[in-house]
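*Asks:* Not my notes, these are from TrEMBL:
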REGION    1-33  region 'Disordered'
REGION    53-96  region 'Disordered'
COMPBIAS  57-70  compositional bias 'Acidic residues'
DOMAIN    141-173  domain 'HIT-type'
C-alpha cells in the first residue's frame, strides 16, 4: 500500500493510490471565468427587470402602538394621537416613489432614440469615456468587501480570510454557476 522512497538520507512514504480531483474542483481557464461572470450579470439584470427587489416605500412604513395597556398613558384619561407618517410621505415626491425598472439595454435604446429625434443632444451613455486610473485597482474581498490578500485557485475571485474563503467556496465559486 505504501511505497518508501529513499532519496539521499531521508525516506518518505507516499501512497500508490492515484489522486483524483473532482470534476467540479478543476481549475478553470479565463474564458470560462468570463462566461460565468457574464451569466451572473445577466441573472442580476433579469432579477432587477422582473422586480424581484422591492424599493422602500415611505407610505407603507407607519408606526402604530400596540393595544397593550403599557402603550396607553395612565393618568387623567388623555389619549395620545396615533402617529402616522402617511401625510409626510405624500409630501415627499421623490423619496419612496416607485419607478419603472429599466435594464441597461432599455436605457441604451431610449438614449439612441432620443439622439435620433434630437441630433443636438449628446448621446451620454455611448459618448462617455474615462481614461486609465493612475492608481492600481483595489483588491477587495468578494464576500465582505475588505482588502483581499488571497485569490481562489479555482475561479480567481478574491477573499481576505479563511472564513471568507469557506463562504466563497460554499456559495460563490464557479462550481455552482455551471
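Here the Cβ of each residue, glycine as well, is placed from N, Cα and C on the backbone.
Bear in mind that TrEMBL entries carry predicted annotations, made automatically and left uncurated.
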*Asks:* In the domain 'HIT-type' (141-173), how many residues does DSSP put in helix, strand and coil?
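*Replies:* Once the DSSP states are binned, the domain 'HIT-type' (141-173) shows 11 helix, 5 strand, 17 coil.
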*Asks:* Averaged over the domain 'HIT-type' (141-173), what pLDDT does the predicted model reach?
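*Replies:* Computed over the domain 'HIT-type' (141-173), the mean pLDDT is 89 on the 0 to 100 scale.
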